[in-house]
Amino acid sequence: MVTITNAHTELIHDAVLDYYGKRLATCSSDKTIQIFEVDGDSHKLVDSLHGHEGPVWQVDWAHPKFGVILASCSYDGKVLIWKEENGRWSQIAAYEVHSASVNSVKWAPHEYGPLLLCSSSDGKFSVVEFKENGTTSPIIIDAHAIGVNAACWAPATIEDDGQQSQHLRRIATGGADNLVKIWKYNPEANTYLLEDTLAAHADWVRDVAWSPSVLPRAYLATVSQDRTCIIWTQENNQGPWTKTLLKEDKFPDVLWRASWSLSGNILALSGGDNKVTLWKENLEGKWESAAEIEQ
């Protein structure tokens, strides 16, 4: 385990390893992003990225097929795109379509191309396509009237309607209206249509995380200010969603983040109690605590 201290002067909001686990990006209320090289238990700060004018909430690495590229989002309403070439980092794009804090950024599964999903306190989420000629093509959707706190992609799957096969692009969003919503891309209209609304939380939904597993059953984890985590499941990408409380009693504090392992069978949760807990589904379909890490 790598422990990094004194990386930022204020609260750290996100820390993400790249595809190969060799680079770590962190972001903070100090308005900066730090890039580290990680090798085993050691790490080295290689660059500090400045460009945001407010706290930086989240960062996300693009798939390496697109190059060494990082997206960041901030309270300043901006999404910035950063690229490393020949050991030097530079800002290559600024994306400003939201009128309030941008709370999350997530690159799409690489099969869809360079698409970036952004959620904002202005009540909207957007999906922007970065074209080879340098232009962008955003789709902007009204999602949760009083703010979108988080959004994520479903893993890449193929939909076959009997005539042709095409990628089934789906998105989950979590809002300040306590709701989780599922959206599906409609290629004819070039927009995302509301497919399902999942109502079970009693306070703001803070994060949504779709399991990367490509099993016939979809798993979506949602965490909330109400101190609960819900696992939603759906069979074969259609039909009703089934709700399961991760544990019957509430967590000791608000839950901020949920993250699945690459294989999609272990769920990590972090919250206001400064602990990370790991959870795994047993053979009876019950969720069990697998480990607890004090931060």
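Every residue gets a Cβ built from N, Cα and C, even glycine.
Noted in Swiss-Prot for the protein shown:
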REPEAT    7-46  repeat 'WD 1'
REPEAT    51-92  repeat 'WD 2'
REPEAT    97-140  repeat 'WD 3'
REPEAT    143-193  repeat 'WD 4'
REPEAT    200-242  repeat 'WD 5'
REPEAT    250-289  repeat 'WD 6'
Tally of residues which DSSP labels helix, strand or coil - the repeat 'WD 3' (97-140): 3 helix, 24 strand, 17 coil
Across the repeat 'WD 6' (250-289), average pLDDT on the 0 to 100 scale: 92
Folded-back contacts onto the repeat 'WD 2' (51-92), same chain, C-beta under 8 angstroms, at least six residues removed: 10-11, 13-14, 16-20, 23, 25-29, 31-33, 35, 98-107, 110, 114, 116, 118, 120, 128, 130
Positions whose Cβ lies under 8 angstroms from the repeat 'WD 1' (7-46), at least six residues beyond its ends: 1, 52-61, 63-64, 68, 70, 72, 74, 82, 84, 87, 89
DSSP-derived helix, strand and coil totals, residue by residue, for the repeat 'WD 4' (143-193): 0 helix, 29 strand, 22 coil
Helix, strand and coil counts within the repeat 'WD 2' (51-92) (DSSP): 3 helix, 24 strand, 15 coil
